[in-house]
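Q: So TrEMBL has the following annotated:
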TRANSMEM  B:6-24  transmembrane segment
DOMAIN    B:70-120  domain 'NADH-Ubiquinone oxidoreductase (complex I) chain 5 N-terminal'
TRANSMEM  B:87-107  transmembrane segment
TRANSMEM  B:119-137  transmembrane segment
DOMAIN    B:138-425  domain 'NADH:quinone oxidoreductase/Mrp antiporter transmembrane'
TRANSMEM  B:143-161  transmembrane segment
TRANSMEM  B:212-230  transmembrane segment
TRANSMEM  B:251-269  transmembrane segment
TRANSMEM  B:309-327  transmembrane segment
TRANSMEM  B:333-355  transmembrane segment
TRANSMEM  B:376-394  transmembrane segment
TRANSMEM  B:459-477  transmembrane segment
TRANSMEM  B:513-532  transmembrane segment
TRANSMEM  B:615-635  transmembrane segment
Amino acid sequence: METVTQTIQGVPLNHYIILSAVIFSIGVMGVLIRRNAIVIFMSVELMLNAVNLLLTAFSAYRGDPAGQVFVFFIMALAAAEVAVGLAIIVMIYRNTNSTDINVLNRLKW
Amino acid sequence: MSAINLVWLVPLFPLIGFLINGFGRNVLPKSIVGLVGCLSVLLSFGLSTAIFFELEKSGATAYYVPLFNWIQTGSLSIPFSFQVDHLSSLMLLIVTGIGFLIHVYSIGYMHHDKGYAKFFSYLNLFVFFMLLLVLGSNYVVLFIGWEGVGLCSYLLIGFWYKNSSYASAAKKAFVMNRIGDLGFLIAIFVIFRIFGSIEFGEVFTKAAEMKVGSPVMVLITMLLFVGATGKSAQIPLFTWLPDAMAGPTPVSALIHAATMVTAGIYMIARSNVLFMLAPLTMNVIAIVGLATAILAATIAITQTDIKKVLAYSTVSQLGYMFLGLGVGAYTGAFFHVITHAFFKALLFLGAGSVIHAMSNEQDMRLMGGLRKKLPVTFITMLAGTIAISGIPPFSGFFSKDEILANAYEHNKIFWVIGVIGAVFTAFYMFRMMFLTFYGKFRGTHEQEHHVHESPATMTIPLIVLAVLSIFGGFIGVPEVLGGKHWLSHYLAPVFTNKAAGHEVHHLDHNTEYMLMTISVLGAVIAAIVAYVRYTKKHHVPVPDHASRGFLGNLSYHKYYIDEVYDVLITRPLNALSGLFYKIIDKAIIDGIVNGLGKATGLAGKGLRLVQTGNIGFYIFMMVAGVIALLFYSFYKI
């Protein structure tokens, strides 16, 4: 029976890297361009998961489980972060009746 | 246990006294303070006496008493150790003996002063440092004591520091001393460089192999002499000593007689081996000493302040000691140190007694006729005056005569000038006596009413010192007068060089008689002239502003030396300081510091505009930063 590792190794490593880079770049651009706080938040998640994907791929190719352990940590952390982040966004919405981050322009000297 | 091994106790006692009085100055009653102060020095004196006799009995030349290894680094080794030999044991006796008498005297003199305990603690510290100076077995320990007495003189001259002119007199003394100290310090460095050691014994042994007159010896001895001019008040650094009169009178006595000013002479006498190798320096010393002697004597004859007269007389007598050192008469110079310590301490303490009786009046023009009211002071001071004038058989005669005889042998002109100085000495001292004790009372009625003889604590030291001044000269009666000159035999091991000890023998007896007669006659005639002028004719020195004639003005204003120094040194120095202050400090250093501050402020002002508050922009900058970092780590730009 083919193991998961072998399945992953069925695709060349370059493909994983390119995919991750693309997803990560999409995330970065999303963060930079979009004004809606929730979309920005989702873009951040995209970046995180791009990294997760890469970690898993490397882990499989090197036969080292440490990478996958990292992924679990990151997922747990992301869950916590989502909870806090969404709470902040809810508070922003309550205060400004919008999720547009350009409204929050007082963070300056 | 032998006393010599306990020599470290000698300086320790005054140090303990200093600590007790220093820390307890606000709690201890005056009686205890005085007792502690005097007792500590008395114990030292007792121990010094024991050491003196033990040394004489043992017949050894010197004892080396190591205490602990102080500095040890590389080839430099400086042990903290004492050396007991004939020279230092005599100095111990002088410092502690006269110091003790001055302490006792201070009990009476300073009784009304608020800083009574402070005064005693400083006195004890002074004695401590002087003992360290005398006992040290190397130049560094000597230098500690050297600096210490400088510090204590500063503290004591400025004892009444609330008077700003007194405080500046203290500063003057300190600064003048520092100039000399620098010379001494450099001399120590050079000695270490050349001989690789600063221990007296080693240095002198190695120096004995050097050639006479080698440049390096001249350099070392010249630098040492610069140090000595500062401490022992010779031209050009003598002006601090007359100003040192600002301190309480016992301090003047201590500085002028037992401690401080004798330090320079002690140092040169101690280094006699080095000085004998530099005839050039010896000549310079003799000439400077002679010039100082005559200059100070001519100043003293017109001074009106009783303490100023004595101060210039000290400078003048120190000049004689240097003359003695310069012509190689170490024993004579040291003999004069001893007798001078006796009669100058006596004269200062006597002057203090007069000032005490006159309710702090120091101007001799306002005294007169005190003979009847202060009999003890009068008689003792008269003894001191005769002694300093060099009239036999008082002590000053023997020591001064020995120096002059050596000077005659060395160079007849030295002798002539020396005798003229001695005549001046007799004149101004008797002038002081006649102005103070004879004639009519010239002060106010209130002062006249107050005049009283001083208490026993003050008169007893006077009497003791008077006895010493009268008989002190008998330790060095020359053979020509049928004596044995005990002192020169005693000091012979220290002054081993041939020119040091028995030089008097070179002159034939008739010449010596002639020299003595001339100087004694000169002194007696000067005394008679002073008597006629100030007692018979009731001459009183004119007030400050009155005309004195050219020479009189020159002398009264101390040859304007302070003014000359002011123009030549102080003002250019002040101008230079002003220049440095304005250009280097204000413009350059302050400019750099303030400029840095301003630049930071401006940069902040500009950079804060980047913080627009737009979150998108912040994130963009962050991403740009991350990308930049990535580029950096990939390409190591």
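Cβ coordinates are placed from backbone N, Cα and C, and glycine is handled just like the others.
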Q: Counting only residues 6 or more past its boundaries, what in the same chain has a CB within less than 8 Å of a CB in the transmembrane segment (B:459-477)?
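A: Distal contacts: 98, 101-102, 104-105, 331, 335, 338-339, 342-343, 345-346, 349-350, 353, 376-377, 379-381, 383-384, 387, 393-399, 402, 453, 483-488.
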Q: Same-chain Cβ contacts of the transmembrane segment (B:376-394) under 8 Å, 6 or more residues past its ends?
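A: Residues 313, 317, 339-340, 342-344, 346-347, 350-351, 353-354, 357, 370, 400-401, 422, 425-426, 429-430, 432-433, 437, 453-454, 459, 462-463, 465-466, 469-470, 472-474, 516, 519-520, 523-524, 526-527.
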Q: Can you tell me which of B:6-24, B:143-161, B:251-269, B:333-355, B:615-635 gets the most C-beta pairs within less than 8 Å of the transmembrane segment (B:309-327)?
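A: Selected stretch: B:333-355, with the most Cβ pairs under 8 Å.
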Q: Counting only residues 6 or more past its boundaries, what in the same chain has a CB within less than 8 Å of a CB in the transmembrane segment (B:251-269)?
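A: For the transmembrane segment (B:251-269), the far contacts come to 87, 91, 94-95, 97-99, 102, 105, 123, 126-127, 130, 133-134, 142, 145-146, 149, 153, 156-157, 159, 180, 184, 224-225, 227-234, 241, 244-245, 275, 285, 307, 310-311, 314, 318, 321-322, 325, 330, 333-334, 337, 340-342, 344-345, 348-349, 352, 494-495.
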Q: Between 0 and 100, where does the mean pLDDT of the domain 'NADH-Ubiquinone oxidoreductase (complex I) chain 5 N-terminal' (B:70-120) sit?
A: 88
Q: For the transmembrane segment (B:119-137), could you work out the same-chain residues 6 or more beyond its ends whose Cβ comes under 8 Å from its Cβ atoms?
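A: The answer is 7, 10-11, 14-15, 17-18, 21-22, 25, 33-34, 36-37, 40-41, 44, 64-65, 79, 81-84, 88, 91-92, 95-96, 99, 102-103, 106, 110, 113, 143-149, 151-153, 155-156, 159, 199-201, 248, 250-251, 254, 258-260, 263, 266.
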